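> Below you will find the structure I want to go over with you.
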Amino acid sequence: MSQQVVSSAASFPQRILAQGKYETLAMLKNGEQLLLNIAFPLFALVGLRYTGFLDSYAQQLGVTRLDIAVPGVLALCVISTALSGQGIATGFDRRYGVLRFLSTTPLGKTGLMMGKILAVLTVIVVQYLVVLLVAVLLGFRPHLIPILLSIPTLLCGAAAFTALGMLIAGTVRAEATLAIVNMAWAILAIGGGTLIPTHHFPGILGWIVNILPSGALGASLRGEYLHQEFLFLPHLIMLVWAILCGSFAAKFFKWSA
Amino acid sequence: MQNLNSSHPHFQLGNTSALAAVQIDSLVKEFKPTRDFAQKNPEKINERGTVSAIDGLSLTAHRGEVCVLLGANGAGKTTTLACAQGLQKPTSGTVQLLGENPWGASPELRARVGIMLQDGGLPQAMRPIPLLKHISSMYQNPLKVDEIAERLGIHSFNGTTIRRLSGGQKQRVALAAALMGRPEVLFLDEPSAGLDPQSRNVVFEIIREQKEKGVGIILTTHLLDDAQRLADDVYIVDAGTVVRHGSVQELLAGEDSNHKRLTFTLADKLNTQRLTDRLGSDVTLIHLSDHHYALEGQLSPGVIAQLGAELEQQNLMPVSLELSQRTLEDVFLEISGRDIQ
């Protein structure tokens, strides 16, 4: 053999960081993704601040509209990024053979998935900062305890919705993924216990929404922001969703379309 | 045959470069058909309810050589590569990539292998150079992005996203990506598809260079010219199995090595009846078009002399007269009884 310079795989953390950075920038530079991840949640925040949708609930608790809106909008951010954002990106990457190609590099399938999770978490941090900043400008007063309590909640929510997004993106066509996650986003935002608390819903419907990952995420964040209380049951519900969807995704995910 | 083929890796300890780049033995890959496919092609479904894409295929690709899988679309070339690359799990048979099982390959093994997929597999929204930089971050000591980009003329279209590149431009980016980790084995699926003649020459030059460095190259093509220009070893694949294997020379020699062809063009119309009467049954006269003709069969100096004599009698001067060798195309036609396209 000639004296060829050989190369080897970059270290595991290097590969994941590189992929995480790449996926994060891809999400933050894409116009549609920005609309979904940043603009729509901010519209919701401003909308709920200046309309009366949450008034009866706010009066009941003796809090401002923004106090109820902020945790709901944070929940919506998680759904935007983890379910819609990564779902759509992964669906189209799969269609164009990108997942297949990247899985043949030293990154591999595991590295690719971990890079995506890292990107979801990074974008959620960015969204959190932007939402808090705008909320403060609108008159919201943040407290440290709810913010600290919300960290494990956002992790559970991100896990559940990323797993659900991967399950959809890995099993149906890219266009169908786009349609499903966008529709799910709209339905869950309004009727999934995300922006509007579930005790507004009649009977059995409220109960169903409570066991949806969106309802659980919204309820947890409102518990933390409104009552400074960490609710175990909804966290458990989100983890069950994460494990169920994650195992189905691991079993049925197709790397090429 | 089977015993000779299954070289035992333990005999080659201490000299890992003697290990084959890729060794495939009796590979079978079956798929569950979609309902649509099953309705349209009921004859292709076997008793297990599956369809075989690869049916007992064996091949060895060596380091420092170009191994070409030649076959029509749907012959099973890409599926064979997918099994060798660890993208698909064989139904049965064994596949070794640099002596290891590619299914569930370690990052270290993947770092030694460069892959260019048929559809490129490149992220649509990225620009070429940032994409290559990203790929290079998966390796320690990768190629220099600017050098390989320069070589393949990628800088000239770096302002354009992958989505908007031409087929040939995408191919060049995909090749650069495959080379990024200085691979020991290089898989190229239809590398010349969509390339203009100039970039095709650059790509072929790079393939030859890699071969000289000792890289084992395994490429698929349905273009016979590619195989003739590059291959050390050709496997002709049809219906998921190897129907012929050998060097280009061996394949062209074939069993009936006298089977040659003489094509000629005349200035005017030939009286074909008189020529065939004179030549007898050893050769066949084919009227190709207008004033183009071909003689095929047991061509000998005598046949050429008879042709000359007949043309003299009919007072016809040939515009061109060419004796041609068999091409891989002829070999392919003889084997499969149909055209490769």
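Just so it is clear, glycine is given a Cβ too, placed from its N, Cα and C backbone atoms.
So TrEMBL says this about it:
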- A:20-214: domain 'ABC-2 type transporter transmembrane' (DOMAIN)
- A:34-52: transmembrane segment (TRANSMEM)
- A:72-92: transmembrane segment (TRANSMEM)
- A:113-138: transmembrane segment (TRANSMEM)
- A:144-169: transmembrane segment (TRANSMEM)
- A:176-198: transmembrane segment (TRANSMEM)
- A:230-253: transmembrane segment (TRANSMEM)
> Within the same chain, where does the transmembrane segment (A:34-52) have neighbours whose Cβ lies under 8 angstroms from its own Cβ atoms, ignoring anything closer than 6 residues to its ends? I mean 6 or more beyond.
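Tertiary neighbours of the transmembrane segment (A:34-52) are 27-28, 65-66, 68-70, 72-73, 76-77, 80-81, 84-85, 123, 127, 130-131, 134-135, 138-139, 185, 189, 195.
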> Residue list, the transmembrane segment (A:72-92) vs rest of chain: Cβ under 8 Å, 6 or more residues beyond ends.
23, 26-27, 30, 32-33, 36-37, 40-42, 44-45, 48, 99, 116, 119-120, 123-124, 127-128, 131, 135, 150, 154, 157-158, 160-162, 164-166, 168-170, 172-174, 177-178, 180-182, 184-185, 188-189, 194-197, 214, 217-218, 221-222
> So which residues does the transmembrane segment (A:176-198) touch in its own chain, when a touch means Cβ under 8 Å and the partner is 6 or more beyond its ends?
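Contacts with the transmembrane segment (A:176-198): 36, 44, 48, 53-54, 57, 68-69, 72-73, 75-76, 79-80, 83-84, 87-88, 90-91, 165, 168-169, 206, 209-210, 212, 214-219, 222.
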